[in-house]
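Engineer: Quick one: the structure is below, questions incoming.
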Amino acid sequence: MQTSSSGYILALDLGTTGNRAFIFNNAGKIVAQAYKELTQHYPQPGWLEHDAEEIWQDTCWVMKTAIANAQISPSEIAAIGLTVQRETCLLWDKTTGKPLHKAIVWQDRRTAPLCHQLQEKGYAQEIYSRTGLVVDAYFSATKLRWLLDYITGVDLKNVLAGTIDTWILWKLTGGKVHATDHSNASRTMLMNLKTGEWDEQLLEILQIPAHILPQIQPSLGKFGLTDTSLLDTAIPITAILGDQQAALFGHGCDRPGLMKCTYGTGSFLVAHTGSNIVRSQHQLISTIAWTQYNSQENINIGYALEGSMFTSGACIQWLRDGIKLIKTAAETETMANQVDDNGGVYFVPAFSGLGAPYWDMNARGAFFGITASVQPQHLVRAVLEAIAYQVLEVVQAINASCSSPMQRLIVDGGACENNFLMQFQADVLGIPVERPTMRDTTVQGAAFAAGLAVGFWDSYTALVNQRQIDRIFEPGEGSQNAIYNFATWQKAVKRSLDWV
């Protein structure tokens with residue numbers, strides 16, 4: 001597995017709710033880590049912003065803290081891998097290095113009216129054909145258009161644009177490298193899925209100047225060196241992946257028939273489709289899994305089908321911080337088990353509209369079926385059940401789009417800690433749910449990719465074969481009721497559509 005007898009890999013995971021750094025040793029094990037929670041800015045209902053300067057400062061802090069915790073020298077780090085929240089984007093001044101506005105987050109819905117305009121003008125099919133994506137405020141393109149409209153009196157020759165990976169790479173390299181990888185670029189609604197390049201026609205439709213966009217490079221490759229002023233040494237940055245693609249890589253899902261679901265702020269079910277673009281008739285999106293050079297220095301492209309569900313872990317966070325029904329996320333498991341059923345209550349997790357398979361920017365969240373006998377436990381259980389029902393809908397869509405049905409679901413992310421949720425997920429799917437011992441698969445994927453790209457490890461298969469399974473949840477006695485109630489949940493969803 002290893003070609004390096006000593007040294008370490010630094011992996012950065014810059015997510016929606018926080019930023020993390022991990023140090024991996026040559027055995028592929030985590031030896032140290034650091035975390036910083038990220039401030040969420042809600043300037044208006046349906047809007048969500050992040051301070052890009054805060055992300056950069058936190059990145060510096062978690063890197064230095066993780067290195068200190070590992071008690072190693074930065075010069076011992078062989079490479080850096082970077083994985084990020086996708087679609088979130090910003091503009092910055094390349095002279096001052098300062099953002100021109102806060103970054104607009106993937107959950108932000110402010111550009112829904114612009115998306116409706118694109119649909120009304122008949123661009124939806126053209127955009128899907130070229131990018132594999134549906135027209136939605138989720139993706140970066142309309143966010144960038146909004147930012148360009150918002151900033152006035154700025155010389156565009158001085159402006160750079162990018163997703164979070166591009167911003168952090170530019171800062172890490174001291175402003176020397178303005179680049180992104182195919183997995184992140186494929187989420188902008190501006191990259192041609194077949195060519196792997198920015199699509200000139202889409203840039204024209206959205207009036208986005210090509211010169212402000214980063215160069216697109218393979219996910220595993222050479223992204224430059226860290227500026228020596230940062231860690232007193234120049235460290236190669238050798239992998240960049242979107243967070244869901246990094247998890248796919250970390251699980252070893254590198255060929256058709258393998259898929260995973262990450263339960264984070266949202267739930268994201270991704271199935272590798274090999275070197276072929278698979279088009280779904282069921283509102284799933286086609287995207288890049290990851291890219292890398294082969295031995296002939298040609299680019300190998302791996303594609304994927306994805307079902308993006310915008311709100312899952314965010315529901316649990318809302319139960320805690322929004323309506324203060326719980327004090328900790330862990331309480332939800334205990335509370336859900338305190339009642340025999342959902343008490344007739346169904347929850348629709350549409351805080352930011354609905355993603356796959358509905359793609360309704362105007363849907364909103366709701367509880368249905370509340371009576372005077374309903375207890376807090378029923379509400380909590382309804383929220384957990386809704387997370388699982390969303391995944392069921394996407395699994396059904398993937399099964400209908402692929403030649404053979406899914407045999408098992410591999411899971412990761414914070415909410416997969418919840419045993420009630422995982423058992424209910426197995427019950428509704430009717431297939432085993434496999435939870436690995438290593439929960440941080442996203443950052444593991446970034447580390448593996450960076451190490452393989454620099455020759456720190458020589459075998460992807462050997463790394464993946466180290467995976468250990470914590471628990472397999474088999475469909476149980478609750479399956480019949482769970483499946484029966486699914487139809488009622490779907491009825492609740494239909495009543496939430498096109499709400500605003």
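Each Cβ is built from the backbone N, Cα and C atoms, and glycine gets one as well.
Annotations per Swiss-Prot:
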{"type": "BINDING", "residues": "Thr16, Arg20, Thr265, Gly313, Gly414, Asn418", "note": "ADP binding site"}
{"type": "BINDING", "residues": "Thr16, Thr17, Thr265, Gly313, Gln317, Gly414", "note": "ATP binding site"}
{"type": "BINDING", "residues": "Thr16, Arg86, Glu87, Tyr138, Asp243", "note": "sn-glycerol 3-phosphate binding site"}
{"type": "BINDING", "residues": "Arg86, Glu87, Tyr138, Asp243, Gln244", "note": "glycerol binding site"}
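Would you situate these features in the structure and describe their surroundings?
Structural biologist: Sequence-distant neighbours of Thr265 (ADP binding site) (same chain, 6+ apart, CB under 8 A from its CB) are Gly15, Thr16, Thr17, Gln107, Thr311, Ser312, Gly313, Ala314, Gln317. Thr265 (ADP binding site) falls outside any helix or strand according to DSSP and counts as coil.
According to its DSSP assignment, Thr16 (ADP binding site) is coil.
The Cβ of Glu87 (sn-glycerol 3-phosphate binding site) has 25 neighbouring Cβ atoms from other residues within 10 Å, across all protein chains displayed.
Around the Cβ of Asp243 (sn-glycerol 3-phosphate binding site), a 10 Å sphere holds 29 further Cβ atoms from the protein chains shown.
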Engineer: Determine the Cβ neighbour count for Tyr138 (sn-glycerol 3-phosphate binding site): the number of other Cβ atoms within 10 Å of its Cβ.
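Structural biologist: For Tyr138 (sn-glycerol 3-phosphate binding site), the count of other Cβ atoms within 10 Å is 29.
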Engineer: Cβ distance under 8 Å to Arg86 (sn-glycerol 3-phosphate binding site), same chain, sequence separation 6 or more: which residues?
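Structural biologist: Once residues fewer than 6 apart are set aside, Arg86 (sn-glycerol 3-phosphate binding site) is near Trp106, Thr163, Ser183, Asn184, Arg187, Gly242, Asp243, Gln244.
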Engineer: Between Asn418 (ADP binding site) and Tyr138 (sn-glycerol 3-phosphate binding site), what is the CA-CA distance rounded to a whole number of Å?
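Structural biologist: Given the Cα positions, Asn418 (ADP binding site) is 27 Å from Tyr138 (sn-glycerol 3-phosphate binding site).
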Engineer: 10 Å Cβ neighbour count around Gln317 (ATP binding site)?
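Structural biologist: Other Cβ atoms found within 10 Å: 17.
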Engineer: For the sn-glycerol 3-phosphate site (Thr16, Arg86, Glu87, Tyr138, Asp243), what does the 8 A shell look like? I mean other same-chain residues with CB within 8 A of the CB centroid.
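Structural biologist: Same chain, not in Thr16, Arg86, Glu87, Tyr138, Asp243, Cβ within 8 Å: Gln85, Thr88, Val105, Trp106, Arg187, Gly242, Gln244, Gly266.
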Engineer: Taking the binding-site residues one at a time (Thr16, Thr17, Gln244, Asn418), which has its Cβ surrounded by the most other Cβ atoms within 10 Å?
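Structural biologist: Counting Cβ neighbours within 10 Å, the top one is Gln244.
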Engineer: Max CA to CA distance in Å over the sn-glycerol 3-phosphate-binding set Thr16, Arg86, Glu87, Tyr138, Asp243?
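Structural biologist: Answer in Å: the longest Cα-Cα distance is 15.
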